[in-house]
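Per Swiss-Prot, the features are as follows:
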type	residues	note
BINDING	His83, His182	heme b b562 binding site
BINDING	His97, His196	heme b b566 binding site
BINDING	His201	ubiquinone binding site
TRANSMEM	33-53	transmembrane segment
TRANSMEM	77-98	transmembrane segment
TRANSMEM	113-133	transmembrane segment
TRANSMEM	178-198	transmembrane segment
TRANSMEM	226-246	transmembrane segment
TRANSMEM	288-308	transmembrane segment
TRANSMEM	320-340	transmembrane segment
TRANSMEM	347-367	transmembrane segment
Amino acid sequence: MANLRKTHPLLKIANDALVDLPAPSNISVWWNFGSLLGLCLATQILTGLFLAMHYTSDISTAFSSVCHICRDVSYGWLIRNIHANGASFFFICIYMHIARGLYYGSYLYKETWNIGVVLLLLTMMTAFVGYVLPWGQMSFWGATVITNLLSAVPYVGGALVQWIWGGFSVDNATLTRFFAFHFLFPFVIAAATVLHLLFLHETGSNNPAGINSDADKISFHPYFSYKDLLGFVAMLLGLTSLALFAPNLLGDPDNFTPANPLVTPPHIKPEWYFLFAYAILRSIPNKLGGVLALLFSILVLMVVPILHTSKQRGLTFRPLTQFLFWTLVADMLILTWIGGMPVEHPFIIIGQIASVIYFTIFLVLAPLAGWAENKALEWT
């Protein structure tokens, strides 16, 4: 059996990725989030498949079909609650995974990192089109506001928006295509994940010390397979607890009202995991400027490897940049809070300051801190 595992063309690939993979002996729980994201994706595809069996992508029946799933389909309420809250857990894991990458310098594996950023963008697009499907008030107005941002593109903006809408407003054609996209994208994400892993296994994992770990490697199975399983149990426990005890905690009450193009909700806002980017978008009083800031708030991750100035890889022994990292975490929490607040004083100015700090840390302060730490090393 051991021989077959290493010789069979298909099993050999799985073996090299999940059984005999040499892994650094000192990787911490922060390295669990990659496998947790795989679990999230599998959960979302599975629950989404069962929801798609009962959902209808027509504006006259979409809202009712979601009600029908929750009331009449066997365990439909559970499947829907796990799917809706699974998205939140997906993004919690993504943000933790990215934070780990930033803290320990994993971004220096450039190909893996860049595909990761593409994966983040794909996941954000998937979550956005998925939020439109229940056809509640926030679904409709969220779709209207966010797709309208494309009208800021010079010259072709107006045509672009109408092309995405499939008409002159968010209507039946929009809902139908968004459902098609929402069904397709998770499989694109799965394919990109395979690439992400392919590039990662070219170099092997980074580790908390940020140094070469070839001298001290252990096999993935049983050590990290069981460690991952423990993470799976912890996350599934959290997800099912949320889905069973407080399924609407992270949702918007406006989405319990069927979509009405004639009534605008008092505060249009996306799901909590997009609020930081939404706050950056709103902090700039110019439409095109806001859209560019929104885009760059994610794409700034692509320039992190280029702006790495330190001689050390991670932040384990770099107190200056550690301080900047935790400032960035606090700044993102502030942006998340501001994104959910109305556009009025003092929230406007707080959002603008937080947005400036966000970009300054990435583009100016972190490279400077790395340079300063190099100098400090020379003095000692």
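Placement of Cβ uses the backbone N, Cα and C atoms for every residue, glycine included.
With respect to Cβ pairs under 8 Å, the transmembrane segment (226-246) is most closely packed against 33-53, considering the stretches 33-53, 113-133, 347-367.
His83 (heme b b562 binding site) sits 21 Å from His97 (heme b b566 binding site), taking the CA atoms of both as reference points. Distant neighbours of the transmembrane segment (77-98): 30, 33-34, 36-37, 40-41, 43-44, 47-48, 50-51, 66, 69-71, 116, 120, 123, 127, 130, 235, 238-240, 242-244, 247, 250-251, 271-273, 301; these residues of the same chain sit at least 6 beyond its ends, with a Cβ under 8 Å from one of its Cβ atoms. Between the transmembrane segment (288-308) and the stretches 113-133, 178-198, 320-340, 347-367, Cβ pairs under 8 Å are most numerous for 347-367.
His196 (heme b b566 binding site) falls within a helix when secondary structure is assigned with DSSP. Contact between the transmembrane segment (320-340) and the transmembrane segment (178-198) is absent: fewer than three CB pairs lie under 8 Å, with pairs separated by 6 or more positions in sequence. Checking each of the binding-site residues His97, His196, His201 against His182 (heme b b562 binding site) by C-alpha distance, the shortest gap belongs to His196.
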